[in-house]
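S.K.: Sharing a structure here in structure tokens format.
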Amino acid sequence: MALGIFLFTYIFIAGARLPFLKLDRPGGALLGATLMVVAGVVTPAEVFGHSADRGQQAIDMDTLVLLLGMMLLAAYLSQAKFFRAAGAKALRVAHTPRLLLVAVTFVSAVLSAFLVNDTVCLFLTPLVLVVVEDARLPPAPYLLAVCMGSNSGSVATFTGNPQNMLIQGASGLGYARFAGYMALPALLSTVIVALSLLFIFRKQLPSTRFTAHPPPLDVDRKLLTLALGVLLGVVVAFFAGLPMSWSALAGGVLVMTLSGHDSREALERVDWVLLLFFASLFVVVHGVHKAGWAEEMRQLFSPLMAGPPWRETLGFAFLTLVASNLFSNVPFVMLARAWVPAMQNPELAWHVLALGSTLAGNLTLVGSVANLIVFEAARGKTHMGFMDYLRVGVPVTLLSFAVGLGVLLAEHAFFP
């Protein structure tokens with residue numbers, strides 16, 4: 001029963017539509033969670049966290065609170081026009097189409113290292129579209145720079161993307177130690193994204209100079225100073241080892257309290273549907289674990305990872321890259337995080353899971369929510385088909401993942 005509900009839910013998670021059910025990903029996940037409870041696979045007590053055994057609590061509230069806190073901070077930064085200001089600054093210093101492509105890639109990557117990458121893409125894409133249209137440049141390379149740069153940059157920290165937040169909650173690893181291992185793979189992956197896009201689109205990007213004209217900004221300096229100051233304090237709290245979820249939420253609430261703005265506007269910018277989607281997925285995946293199917297899946301894949309530590313790591317890396325596109329990265333991380341503690345080098349496995357599940361998002365158009373956000377926002381401005389994206393995504397992903405994995409293995413060999 002649990003496996004059947006999971007497979008039924010997966011139809012919607014994969015982005016497919018049934019003709020008789022008009023449900024999207026969040027709607028399908030909510031239906032799956034409800035079916036898990038109605039079928040008796042998961043109890044209401046487990047859903048609402050009333051179980052005395054923390055391991056029997058279906059919903060990981062720490063992850064949801066962390067995501068809520070970071071989205072709230074991002075909402076106030078957006079309200080202060082921070083994302084538009086950061087993007088406009090980068091665009092002003094880029095005097096050629098090629099330099100502009102590099103600037104867009106790195107702005108997206110750096111912002112996504114500290115804020116949720118989906119949010120960065122949501123706020124950065126409209127500005128990039130305006131500038132490339134004004135400069136009469138092809139939008140496709142710059143839109144790819146936004147989403148691929150965002151995915152690669154978000155590898156660096158726990159707060160970069162939702163799947164890293166899941167890993168933080170399950171692994172117990174510290175923010176500083178995780179960032180120490182993941183920063184270099186994230187940086188090199190971003191460099192590879194930029195160089196790959198420059199090479200692939202070299203004939204469409206002239207070397208002539210141009211002047212970018214980003215739209216005029218009306219930055220709320222008081223709110224921007226407050227939000228950036230609190231964000232810095234939250235990051236310091238992360239590095240100090242304080243609870244990440246409540247540090248993030250406390251920061252968001254502090255800005256909300258001191259901003260002097262109507263809180264409704266910021267709260268409306270929070271992606272509540274994404275939080276509901278996550279909560280529903282937690283229930284569905286908990287049902288799969290409870291019924292023993294997660295362990296069955298681990299046994300199915302175990303021959304791929306059998307053997308010495310190096311083979312286990314490479315097998316798990318390959319599985320993560322492939323399964324994150326088959327299952328979607330967030331559901332796969334929810335399943336795989338129960339397997340990692342039993343592996344020969346759990347910390348390395350957590351890092352591989354974070355790297356693979358995130359960079360897998362660059363492989364296909366539907367590989368990450370960030371990709372969908374960018375090209376949905378650009379609908380009518382450019383067309384990016386599945387195969388069009390794949391021709392870029394395959395070389396970028398395979399090269400960046402190979403380099404990132406090599407760096408991780410070297411780091412763990414020399415700095416265990």
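Every residue, even glycine, has its Cβ placed from backbone N, Cα and C.
Look at TrEMBL and you will find 22-359 tagged as domain 'Citrate transporter-like'. The annotation transmembrane segment is assigned in TrEMBL to 27-49, 61-79, 99-132, 178-202, 223-246, 272-293, 314-336, 348-377, 389-410.
A description of the local structural setting of each listed feature is requested, covering burial, neighbours and distances.
M.R.: Outside the transmembrane segment (272-293), and at least 6 residues removed from its termini, the chain residues within Cβ reach (under 8 Å) are 1-3, 5-6, 9, 13, 25-26, 29-30, 32-33, 36-37, 41-42, 46-47, 58-60, 63-64, 67-68, 71, 118, 162, 330-331, 334-335, 338, 369.
Using a Cβ-Cβ cut-off under 8 Å and counting only residues 6 or more beyond its ends in the same chain, the transmembrane segment (314-336) has close neighbours at 10, 13-14, 162-163, 166-167, 278, 281-282, 284-285, 288-289, 294, 297, 301, 304-307, 343, 349, 352-353, 355-361, 363-364, 367-368, 397, 401, 405.
Listed as Cβ neighbours of the transmembrane segment (389-410) (distance under 8 Å, sequence separation of 6 or more from its ends, same chain) are residues 144, 148, 152, 155, 181, 184-186, 188-189, 192-193, 196-197, 200, 310, 313-314, 317, 321, 348, 351-352, 355-356, 359-360, 362-365, 367, 371.
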S.K.: How about the transmembrane segment (99-132) with the transmembrane segment (348-377) - do they touch, taking at least 3 C-beta pairs under 8 Å (6 or more apart in sequence) as contact?
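M.R.: Yes; at least 3 Cβ pairs under 8 Å.
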S.K.: Are there residues at least 6 beyond the ends of the transmembrane segment (223-246) whose Cβ is under 8 Å from a Cβ of it, and what are they?
M.R.: 61-63, 65-66, 69, 73, 76-77, 79-82, 85, 114, 158-159, 168-169, 174-176, 254-255, 258-261
S.K.: Same-chain Cβ contacts of the transmembrane segment (61-79) under 8 Å, 6 or more residues past its ends?
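M.R.: Sequence-distant neighbours of the transmembrane segment (61-79): 49, 115-116, 119-120, 123, 158-159, 162, 165-166, 168-169, 220, 223-224, 226-228, 230-231, 234, 243-253, 255-256, 259, 261, 265-267, 269-271, 274-275, 278-279.
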S.K.: Excluding the flanking five residues on each side, which residues at least 6 beyond the ends of the transmembrane segment (178-202) place their CB within less than 8 Å of a CB in that stretch?
M.R.: 98, 101-102, 105-106, 109, 113, 138, 140-141, 144-145, 148-149, 152-158, 160, 168, 350-351, 354-355, 359, 362, 392, 395-396, 399-401, 403-405, 407-408, 411-412
S.K.: For the domain 'Citrate transporter-like' (22-359), what's the mean pLDDT in this predicted model?
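M.R.: Mean pLDDT for the domain 'Citrate transporter-like' (22-359): 90.
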